[in-house]
Amino acid sequence: MSAQADRVMDLSEWENRWQEGRTGFHRSDVHNLLKANVDKLICGRREVRFFFPLCGKAVDMKWLADMGHTVVGVEFSEKGIKEFSQEQNLEYNEEAVADIPGAKLFKSTDGKISIYQCDLYKFSSAVAGHFGGIWDRGALVAINPCDRQKYASLLVSLMSSDCRYLLDTLEYNPELYKGPPFFVSEDDIKTVFGGSCNIDLLQSVDGFEEKHRSWGLDSLTEKLYLLTTKTQ
């Protein structure tokens, strides 16, 4: 991480990406690693509450909701949230969030999907309780490297005792590309989550796409981990 340790993006930069349509991080289909490992995430449970950090307009939220689960996301960009509702043909209600000044809650009328529009670090279990599942795709790899411990502490605080947390990461040569998305190694994960969580590598795949050449890369590996609380 050393080559990227000082790289910092503020929320306005992310908002600008949404406003300018520079959302290459968005996938129009359900993530292949989620589909391949969803049974390990659900683990035979019904009506699981899932948390999506920095959810954007991930179609994975609707996919899990359609299975009978409920989803709570946090996203800073209101534009991203409204695009999600429009693209998924969801009617929603909008309300203020008492515990987070200035935040808004966008909740689908069927109650299956709730998205908080706010700074992730102002969110807490006091706002929305604990979760039995977390799908972290494009979140840990997007936050500033200097904030990883703060991020991990927040995510652990949201985990119920039986929570199953799928974490998607990217590995490449960080000397060649400054991010985001940032390089995250297994050692990085152990550093910030190892004290509280068991960490198991589920899958490692070649994630290189042609667009990555414009980043100056010629290889990229995508890895999926399962995190569970050490109390399990």
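A Cβ is built for glycine as well, from the same backbone N, Cα and C atoms used for every other residue.
Database features (Swiss-Prot):
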BINDING   14-25, Leu54, Glu75, Arg137  S-adenosyl-L-methionine binding site
BINDING   Phe25  substrate binding site
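Everything Swiss-Prot records as a feature, shown here on the structure.
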{"residue": "Asn16", "record": "S-adenosyl-L-methionine binding site", "DSSP (3 states)": "helix"}
{"residue": "Leu54", "record": "S-adenosyl-L-methionine binding site", "DSSP (3 states)": "coil"}
{"residue": "Arg137", "record": "S-adenosyl-L-methionine binding site", "DSSP (3 states)": "strand"}
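Around Leu54 (S-adenosyl-L-methionine binding site), a 10 Å sphere centred on its CB holds 23 further CB atoms from the protein chains shown.
Each of the binding-site residues Asn16, Glu20, Arg137 was scored by the other Cβ atoms within 10 Å of its Cβ; the lowest score goes to Glu20.
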